[in-house]
Amino acid sequence: MKITIAKTSGFCMGVRRAVEMVLDTANRVKGPVYTFGPLIHNPQVMHMLAEKGVEVLEDIPEKGEGTVLIRAHGVTPETRGRLEAAGFTVIDATCPRVIKVQRLLDKYQAEGYTPIIVGDADHPEVMGLVGHARGQAYVVRSREEALALPKGEKAVLVAQTTQDQILYLNILEAVRERFNEIKDFNTICDSTARRQEEARGLAHQVEAMVVVGGKSSGNTQRLAQIAAGSGVPTFHVETEKELDVTKFRDMEHVGITAGASTPNWIIRRVHQAVADPGVLGRSGAGLGYSVRRFLIQTNLYLAFSAGCLCFACMLLLGQPPSLNAPIIAASYILLMHISNNFIGRNAARYNDPDRARFYDQHKIPLAALAIFGGAPGFVVAFELGWASFLTLIVITGLGLSYNVPIWPEKLRFFGRYQKMRSIPGSKTIFIAGAWAGVTAVLPVLSHGAPVDIGLILVIFFATAMVLARTSIFDVLDVQIDRMVSYETIATWIGPAKTLKLIRVLLIALAGVLILGGVLSWLPSLAFWLLPCAIFPLLVTNSFAKGKLHPGHRLELLVDTNFVLAGAIAVIWQTLV
């Protein structure tokens, strides 16, 4: 089955900005943190914010304390004044596009224009806009209502930012019949317009549409109406649990779109539910899917990949082929990733519920796998000498202490960064550093190779390979990582800049391999390993263009780059 996810799916700029402002405030300030009304129309996001201690303030008390964030929809000037008068610190998270509409109404109402708003009268954004028009605006939601307006001299026409473009144009024509002069400001957000247009186009290409988002979200409801109006079966769901995936069993092409308040992790879960051949019961797919899922969920394939990368690093260092260092690397990665998956199940409940369920259902076998799979690494390291053994103990301790406080909170200078996970970019950097340690540094300690420019280039090779892998998954998990306070490169500099960083890193990696080979700092294997820089670059570009979607296939594809490095090293060692 082909599944197409609309490129415009998920958080719009205004919602993303509001969510990030709330999370930053919750992590930064002391005292109660509130949003005035639900921040966005998505129950799952609101539940996660509640778990972080962010409460919803529905009514304004006479006296209050703490910080109140105005949601993306905005509020009336009178409401903001009451919040400040009550004693709250007010932070305005209103979408900049909504602020623009508010200012238009302020300006033209003061100049004598009759304000007309295309929208839903009971929507929070529209209620705020009416307040900025000093309560004198007309709210219309159909051509008939517009034709029923009293005739006037001049009017200013704006729209709720998530309204339907076609509806707005129809109402505009009707308003022209009622007023002599019209100031027409089509204030429907470009993001909304593109989202609706893409939904219309996608609905004509597929056999069914799945629209993901809150049932109370106006823009999501309109997406469902647009899809259904195209004549295809349309399913509006908030989560994958509401989806009857058996309805897609005989379909060849399904489309997925989502509202502006739908987080990426829910879209991923819906996509996985539709794409899961085990769920859909498609013949011939069950065994392959089950094997792939087992290898990924247990981290066995990842551990094997680490061993392959280590083997390639050994040969790049000019060392004789041996399985000692690859066994240490594979054992370490298996132990660390299983352990941290146990610790990180809170985040996995949202961005990868299948993995969370797998770990909940197989706690004892996975714990045994971590212990008995990690033990060989320590045994081999001990046999190779104290330097290897102690290094392995140190990096294992650092890996296990990532979520543990490393100094007292009362030390003000360090208070903000009490845990390693709180340091900006730490998750991405620490993972890359740990992998580089076991795949590039430990082989040197094990075999006594010289510390020279070749070693530096090999460490860069391993680090760049792992940084590229980790950063791709960080981009996928950026929203949930912000929710659970994981500091990654993507949460620090943003997904777009992270993807650019990956491209630059991989191009630099290709340059380092060529330079090292030309100047004989590295053996000719360096030239052979160039596909390991090109392959992830192609994967990154395909992912950025929406051609690759999150799931087991993407994870397997990304990790296969390490296996490719090991395979190339074996072939080179055999032929050269």
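Placed from the backbone N, Cα and C atoms, the Cβ positions cover glycine too.
Residues or ranges marked as [4Fe-4S] cluster binding site in TrEMBL: CYS12, CYS95, CYS189. In the three-state DSSP scheme, CYS12 ([4Fe-4S] cluster binding site) is classed as coil. Under a cutoff of 8 A between CB atoms, and with a sequence separation of 6+ in the same chain, the neighbours of CYS12 ([4Fe-4S] cluster binding site) are CYS95, CYS189, SER191, THR192, ARG195, ALA260.
Within its own chain, SER261 (dimethylallyl diphosphate binding site) has PHE11, VAL15, ILE40, HIS41, ASN42, VAL45, GLY213, GLY214, SER217, ASN219, THR220 as residues 6 or more apart in sequence whose C-beta sits under 8 angstroms from its own. Residues or ranges marked as dimethylallyl diphosphate binding site by TrEMBL: HIS41, HIS73, HIS123, SER217, ASN219, SER261.
As annotated by TrEMBL, isopentenyl diphosphate binding site applies to HIS41, HIS73, HIS123, SER217, ASN219, SER261.
The feature (2E)-4-hydroxy-3-methylbut-2-enyl diphosphate binding site is assigned by TrEMBL to HIS41, HIS73, HIS123, THR161, SER217, ASN219, SER261. Counted within 10 Å of its Cβ, the other Cβ atoms near SER217 (dimethylallyl diphosphate binding site) come to 22, all protein chains included.
Listed in sequence order, the residues of the same chain lying 6 or more apart from GLU125 (active site, proton donor) and placing their CB within less than 8 Å of its CB are HIS73, GLY74, VAL98, GLY119, GLN160, THR161, THR162. Reduced to three states, the DSSP call for GLU125 (active site, proton donor) is helix. Here TrEMBL flags GLU125 as active site, proton donor.
Within the chain carrying the transmembrane segment (300-317), a Cβ under 8 angstroms from the stretch's Cβ atoms is held by residues 294, 325-334, 337, 373, 435, 438-440, 442-444, 447, 449, 454-455, 457-458, 461-462, 465-466, 522-523, 525-526, 529, 532, 556, 559-560, 562-570, 572-573, all 6 or more beyond its ends. Annotation comment: TrEMBL describes 300-317 (among others) as transmembrane segment.
If you look up TrEMBL, you'll see 323-343 (among others) marked as transmembrane segment. Nonlocal intrachain contacts for the transmembrane segment (323-343), taken as residues 6+ away from its ends with a CB within less than 8 angstroms of a stretch CB, comprise 298-300, 302-311, 314, 355, 359, 363, 366-367, 369-371, 373-378, 380-381, 383-384, 388, 392, 395-396, 399-400, 402-403, 434-435, 438-439, 442-443, 446-447.
Residues annotated as transmembrane segment in TrEMBL: 364-382 (among others).
For 388-407 (among others), the entry in TrEMBL reads transmembrane segment.
Positions annotated as transmembrane segment by TrEMBL: 428-447 (among others). Outside the transmembrane segment (428-447) by six or more residues, the chain places 306, 309-310, 313-314, 317, 319-320, 322, 324-325, 328-329, 332-333, 336, 381, 384-385, 387-388, 391-392, 395, 398-399, 402, 420, 455, 458-459, 461-463, 466-467, 470-471, 474, 488-490 with a CB less than 8 A from a CB of the stretch.
Sequence-distant contacts of the transmembrane segment (453-476), counting only residues of its own chain at least 6 positions beyond either end whose CB sits under 8 Å from a CB of the stretch, comprise 264, 268, 309, 313, 316-318, 351, 427-428, 431-433, 435-436, 439-441, 444, 488-491, 495, 498-499, 501-502, 505-506, 508-509, 512-513, 516, 521-522, 529, 532-533, 536, 539-540, 543, 550, 555, 558-559, 561-562, 565. According to TrEMBL, the transmembrane segment annotation covers 453-476 (among others).
Annotated transmembrane segment per TrEMBL: 501-519 (among others), in sequence order. If one looks beyond the transmembrane segment (501-519) by at least 6 residues along the same chain, the residues whose Cβ comes under 8 Å of a Cβ in the stretch are 454, 457, 460-461, 464-465, 467-468, 471-472, 489, 493, 526-527, 529-530, 532-534, 536-537, 540-541.
A Cβ distance under 8 Å defines the sequence-distant neighbours of the transmembrane segment (525-544), meaning residues of its chain 6+ beyond its ends; these are 312, 315-316, 461, 464-465, 468-469, 472, 475, 499, 502-503, 506-507, 509-510, 513-514, 516-517, 554, 557-558, 561, 564-565, 568-569, 571-572, 576. The annotation transmembrane segment is assigned in TrEMBL to 525-544 (among others).
Annotation comment: TrEMBL describes 556-575 (among others) as transmembrane segment. Away from its own ends, the transmembrane segment (556-575) comes close to residues 292, 295-296, 301-302, 304-309, 311-312, 314-316, 321, 465, 468-469, 472-473, 524-525, 528-529, 531-532, 535-536, 539, 548 of its chain (Cβ-Cβ under 8 Å, at least six residues beyond either end).
In this view, the densest Cβ surroundings among the binding-site residues HIS41, HIS73, HIS123 belong to HIS73, judged by other Cβ atoms lying within 10 Å. Cβ neighbour count for THR161 ((2E)-4-hydroxy-3-methylbut-2-enyl diphosphate binding site) (all protein chains, 10 Å cutoff from its Cβ): 28. For the [4Fe-4S] cluster site, the Cβ centre of CYS12, CYS95, CYS189 serves as reference, and the other residues of the chain with Cβ at most 8 Å from it are MET13, GLY14, VAL15, ALA72, ARG97, VAL98, THR161, THR162, SER191, THR192, ALA260. Reduced to three states, the DSSP call for HIS41 (dimethylallyl diphosphate binding site) is coil. Other residues of the chain with a Cβ within 8 Å of the Cβ centroid of HIS41, HIS73, HIS123, THR161, SER217, ASN219, SER261, the (2E)-4-hydroxy-3-methylbut-2-enyl diphosphate site, are ILE40, ALA72, PRO124, GLU125, THR162, GLY218, THR220, GLY259, ALA260.
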